[in-house]
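Q: For reference, TrEMBL lists these features for the protein:
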- 113-136: transmembrane segment (TRANSMEM)
- 167-186: transmembrane segment (TRANSMEM)
- Asp232: active site, 4-aspartylphosphate intermediate (ACT_SITE)
- Asp232, Thr234, Asp623, Asp627: Mg(2+) binding site (BINDING)
- Asp232, Lys233, Thr234, Glu327, Phe368, Lys391, Arg422, Thr502, Gly503, Asp504, Arg596, Lys602, Asn626, Asp627: ATP binding site (BINDING)
- 429-456: coiled coil (COILED)
- 649-902: domain 'P-type ATPase C-terminal' (DOMAIN)
- 665-686: transmembrane segment (TRANSMEM)
- 713-733: transmembrane segment (TRANSMEM)
- 763-785: transmembrane segment (TRANSMEM)
- 797-820: transmembrane segment (TRANSMEM)
- 832-856: transmembrane segment (TRANSMEM)
- 862-887: transmembrane segment (TRANSMEM)
Amino acid sequence: MLSLESGCQTHLAVPETAVSQSVSQLEALLGVVECQQPEADLYRFVGRITVTLHGEEVVRPLGPETLLLRGARLKNTKEIFGVAVYTGMESKMALNYKCKSQKRSAVEKSMNTFLIIYLCILLLEAVLSTILKYAWQAEGKWDEPFYNQKTEQERNSSQILKFISDFLAFLVLYNFIIPISLYVTVEMQKFLGSFFIGWDLDLYHKESDQKAQVNTSDLNEELGQVEYVFTDKTGTLTENEMEFRECSINGVKYQEINGRLVPEGMTEDCPDGALPQLSREEALFLKAVSLCHTVQISYDQTDSPAPFSLSNGLSVQMEYYASSPDEKALVEAMKRLGVAFMGNNGVKMEIKTFGKLEKYKLLHVLEFDANRRRMSVILQTPAGEKILFTKGAESAVLPHAKSGEIEKTRLHVDEFALKGLRTLVVACRVFGEREYEEVERRLQEARTALQQREQRLAEAFAFIERDLQLLGATGVEDKLQEKVQETIEALRLAGIKVWVLTGDKHETAVSVSLSCGHFHRTMNILELVQQRSDSQAAPAGEQHCPALLAMPCSPEDHVIQHGLVVDGSSLSLALREHEKLFMEICRSCSAVLCCRMAPLQKAKVVRLLKTSPEKPITLAIGDGANDVSMIQEAHVGIGIMGKEGRQAVRNSDYAFARFKFLAKLLLVHGHFYYIRIATLVQYFFYKNVCFITPQFLYQFFCLFSQQTLYDSVYLTLYNICFTSLPILVYSLFEQLVHPHVLQSKPALYRDISKNSLLSFKTFLYWTLLGFCHAFIFFFGSYVLMGEDTSLMGNGQMFGNWTFGTLVFTVMVITVTLKLALETHFWTWVHHFVTWGSIAFYFIFSLLYGGVIWPFLHTQDMYFVFVQLLSSGSAWFAIIIIVMTCLFPDVIKKVLYRHLQPTSTQKSQVVEAGGVGCVESMCCFSEGEGGASRLGQLVGRVMSRCNPARIRRSWSDLDPFYSNDRSVLTLSPVESSHC
C-alpha cells in the first residue's frame, strides 16, 4: 500500500463488493459510486456506493480506508479489482504535484546585473568617443588633413549615417569589455566542479554503496548561501526503524531483557526455558497492544528456520506490515514477549499467548485521526465479552480514564518523553449488552450519514471512548540517523534556520524534534495547533507574538529561545488571513516544526519564505514522493536515497544517502563553490576593464580614428589563451581555509552569507581597480615612450605597435599576478598555469612576430616583440609598472588583515600554526624553506609571529573529522608548513 511516510496502510472493501472475487462476479455486480470533487487533501475522502442486490439497493459509506491512491503497491494481497474515481491530473497525488520551475542561482542574477552595468559603460564609451570625434573634427585641419583628403562621395554623405556608422565602429572596438567568455568559463567551472561532490568519499555511504549524486550543476554556488533548511522527518532525520524500549503497566515500569518483561531495577531471574508468570494486568496490557492496531501479515516461504513448517519441508516466514512504524515495533515486541499477533482477516483477529491460540471477533475499528489522537478496536473475546482497546497520546487518553494508576503512568510517560521516546498510552473498557447495543446504533448512524459525517463520527467516538480503565504506556525509540543532532547544531551555528515539515502527528513530530536537537529541552515551545477558524487562529497568534518580540533570540542561550509547532489546518488559516503575523512569529523563533502537512502545504511554506521581503535562499531535503513539491519549490532541492523509492532523488538537484552529509555539502563544498565563482565573476570583469580601457584612452591620441591599440591576434587570444587557464584552475581548486576548519567552525559560513562577495560594494572595488590599473598600464607606457624617446641602442624609436605590445605585455603579467595574490591554496597545477600562461604569452609572441608566416596576408607585428624585449628600458618599465599596480594591493591586504580581519582570515592565521602569512602564495612543497623565511619576515613586521600567542586551530579534543578523504584536499603540504 502507498504510504506518505513509510510503512503500509490497511484498505478494506465494503462487504457487498468484497465477495466478488472473479471477473464473472464483477460483471454481474450492479452499483453506483458517488464521491466528492477532486481535492488535494490525501487524508480525506467522502463518498458512497449504492449496490443493487436481489432488487434491493444497499448504500454503504466510502472513506479514506476504501480509497487507493495513485502509486499504491500491494503487499499481502495477490490482486484486487477496483473502479477509478479520479484519473490523470485529478488524482490526489497529481493535485499535489508542482510544475518544475527553472532555478537560477543568486550569483547568476548578480552576474546579469553586472553585465547590464558594463553594457551601459560600453554604450557610454561609444557615445562619448563618437561625440568627441566630431567635436575634434570641427576644426578643418583635423577634419580633412592634407595627407588624408576626402572623396566627393564622403563629403556629400549623410551626417546622421556617418554618426551611426562611427558609433557602431566604436561599439565593435570596445565590445571586449563585455566578457562573453565569462559564461563559457562559468559553465565549465560548474560542470567540472560538480564532479568533486561525487568524488568526495566523505559523502559516500558504505552500507548502501551509494555515493553523492549531482543532477544539476547550475546551483553549486547556491549551497554556500542557504539561510533556511526545510527537512522531512521520517526517513530523512530518522532511520525509519522503531525499537521498543520500555513500558509502564499498572504504575510499574518494565524493560525488555532477553525477551522478558523485567521491572525496573531488577535483573532477570527466570530460568531459561521457563514460561514467565504474568499478572492479570500484565497479560491484559500485552493482549491490548497485540490487538489494538491495523497491522497486516505477509507469509513468505523460505528455506530458513521459521515459526511454521509446511509438509514439503519449506518454512513460512511471517512479516508484519503497518501504516505506522510504531505499531509494527510494538507488535514485534509483544511477539518477543510471548503474545504474538497471528493475523486478521477482517472478521477475526488471532493471537498466540505463550503458545495458546486465542481468537477475537473484530466488531469495529475506530480509526486514528488528528483530532482525537487515538485509535480503538472493539472486540468480542473468546468468552463472549465485548471489550474496547484504546491507544493514543497521553493527552488524548488520560483525560478519559477513570480508573488505573493514572498519576504514576503520567509521570512515567514524562520520563519516557525526556529520554526522546515516542509514547503511547493504552486503556480498555468493557461493555455490557445494553451499552454495546447503544454503541452499535450510534456507529451505524454516523457511518451511513451523508451530511456532516465527520462531525457525527467524532461525537460517536467520544461517546465510546470514555470511562476508560488505564492499562499502561509504551516507550518506542524512533532510531535517528547517525550524527543528525550534530548536523542540526552545526547548521544552527552557521546561521541557518532549520524547519521540520512532516506529515506525522503532533506528539510524534515534537518527540523526534526534541531527540534530534531541533528543539532543546529548555526551549519555550509555542503551539498553534487545531485552530479551526480565523477567530481562533488570530488570538492564538497575537498571544504568542508579544512575548516573542519582547525577548530577542540568542543562539548561545537556549533559555530564551523559542520553538514553534504548527499543524496543517492551523497553517492554512494563518496563511489565509494572518500571514504577516505568522511570519513575525516564525522569524522570532529559532526552530519551527510543521506537522500533519500535505505535500502541497510543504511547498507553500517554502514559497512563503522564498517570497518574503528578505528573499532568503532556501533548501529542501526529503526522501519520499510527498517531498517532491517541496524539493522543486526550494532554491536547492536535495533527495535522500532512502526506503521511499527514488522520486525525491530524481526530482532533486543533489542526492545522497544520509542527512549528516548535508553539513559537509553546505559548510565545505558550498563555501568553496561560492568563493570560487564569486572571485571568478569579479576577476573576469576586472581583467576586461584592464583590457579595453587603454583602447579607449588611446583614441584621445589618434583623433578617435578607431585605430586599434592591440594586434587583432592579441585581441582574440587575450580571453581564450593568455588569461583563461589561471582563473579556471583557481575556480576549481581554491580553498580559503582547510575543509577540517570549515567543519569544526561552522560560523565561518556566515562570512559568505547574503551574497557578500558579490555585493555592489565589492563589484565597485574590482571595477575601479580595473580602471586604475588600466590607467597605469597606458600612461606608464606613455611616460616611457610618449616623448619620442629613443630606447634602442642604435637610436631607433618605438612605433605604434610596439607601444600597444608594451601595454599588452604589462597587462597580461599584472592581471595574472593579481589572481596569484588572490590565491590562498597553491598546488603544482596553479604554478603550472600561472607561470605557464605568462611563459606561453612570451613564447607565442616571439614565434608570431619573429617568423614570417606564409599563410598570413599581413604581419604588422613582425619583429616588434623581439625589438621590444631587446630594450633594457622596456624591461625596466614592465617591472616598474607591474609593481606600481600590485604593491598597493599588497599593502591593502596586509593592513586589512591586521586591522580588520574577518573570521575566515583569523582562521587562516591560526591554521598556519604560528606563522602569520599575509598570503599563502608560499604554500607549496617546492618552496617550504622560502615560505618559512618569508612568513617569519612578514610576521616580524606585523608583530604577529610569536608562537606563544598563536596556537593551532584544533586539538585532539576538537570535533574534527579525522577520516576526511575529500578529493578537495590536493595540497601535499601540511598547514603548519605555511
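Cβ coordinates come from backbone N, Cα and C, glycine included.
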Q: If you measure from the CA of Asp627 (Mg(2+) binding site) out to 10 Å, which recorded positions from the list Asp232, Phe368, Arg596 are inside that radius?
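A: Correct set: Asp232.
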Q: On a C-alpha basis, identify the one among Arg422, Gly503, Arg596, Asn626 that is nearest to Thr234 (Mg(2+) binding site); the candidates are the binding-site residues.
A: Gly503
Q: Cβ under 8 Å, sequence separation of at least 6 from the ends of the transmembrane segment (713-733): give me the contacting residues as numbers and ranges.
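A: Same-chain residues near the transmembrane segment (713-733) but 6 or more away: 176, 179-181, 185, 188-189, 192-193, 676-677, 679-680, 683-684, 687-688, 691, 805, 808, 812, 815-816, 819-820, 822-823, 825, 827, 829-830, 833-834, 836-837, 840-841, 844, 848, 861, 968, 970.
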Q: Over the span of the domain 'P-type ATPase C-terminal' (649-902), how high is the average pLDDT in this prediction?
A: 88
Q: Under a criterion of three or more Cβ pairs within a distance under 8 Å and sequence separation of at least 6, are the transmembrane segment (862-887) and the transmembrane segment (763-785) in contact?
A: yes
Q: Which residues of the same chain, at least 6 past either end of the transmembrane segment (763-785), have a Cβ under 8 Å from a Cβ in it?
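A: Residues packing against the transmembrane segment (763-785) from afar: 110, 114, 117, 682-683, 685-691, 693-694, 697-698, 791, 797-798, 802-803, 806-807, 810-811, 814-815, 818, 873-874, 877, 880-881, 884-885, 889.
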Q: Which number gives the other C-beta atoms within 10 angstroms of the C-beta of Arg422 (ATP binding site), all protein chains shown included?
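A: Its Cβ shell of radius 10 Å holds 25 other Cβ atoms.
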Q: Out of Phe368, Arg422, Gly503, Arg596, Asp623, give those binding-site residues positioned within 10 angstroms of Asp232 (active site, 4-aspartylphosphate intermediate), comparing C-alpha atoms, in sequence order.
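A: Within 10 Å of Asp232 (active site, 4-aspartylphosphate intermediate): Gly503, Asp623.
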Q: Between Gly503 (ATP binding site) and Asp623 (Mg(2+) binding site), what is the CA-CA distance rounded to a whole number of Å?
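A: Here the two Cα atoms are 13 Å apart.
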Q: Least buried of the recorded positions Asp232, Asp623, Asp627, going by other Cβ atoms within 10 Å?
A: Asp232
Q: Cα of Asp623 (Mg(2+) binding site) to Cα of Phe368 (ATP binding site): how many Å, rounded?
A: 25
Q: Validating a neighbour-count step here. Other CB atoms within 10 A of the CB of Arg596 (ATP binding site): how many?
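A: I get 21 for this one.
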Q: List, by number or range, the same-chain residues at least 6 past the transmembrane segment (797-820) whose CB is under 8 A from its CB atoms?
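A: Those are 683, 686-687, 690-691, 694, 698, 707-711, 714, 718, 722-723, 726-727, 730, 773-774, 777-778, 780-782, 784-785, 788-791, 834, 837-838, 841, 845, 860-861, 864-865, 867-868, 871, 874, 877-878, 881-882, 885-886, 889, 921, in sequence order.
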Q: Where else in the chain does the transmembrane segment (832-856) make close Cβ contacts, counting only residues six or more beyond its ends and a cut-off under 8 Å?
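A: Same-chain contacts beyond the flanks: 713, 717, 721-723, 725-726, 728-729, 805, 809, 812-813, 816, 819-820, 823, 862-866, 869.
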Q: Under 8 Å Cβ to Cβ from Phe368 (ATP binding site), same chain, six or more residues apart: give me those in sequence order, or none if nothing qualifies.
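A: The list for Phe368 (ATP binding site) reads Arg374, Met375, Gly392, given in order along the sequence.
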Q: 10 Å Cβ neighbour count around Asn626 (ATP binding site)?
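A: Other Cβ atoms within 10 Å of Asn626 (ATP binding site): 28.
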Q: Thr234, Gly503: which of these binding-site residues has the sparsest Cβ neighbourhood within 10 Å?
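A: Comparing Cβ neighbours within 10 Å for the binding-site residues Thr234, Gly503, Gly503 has the fewest.
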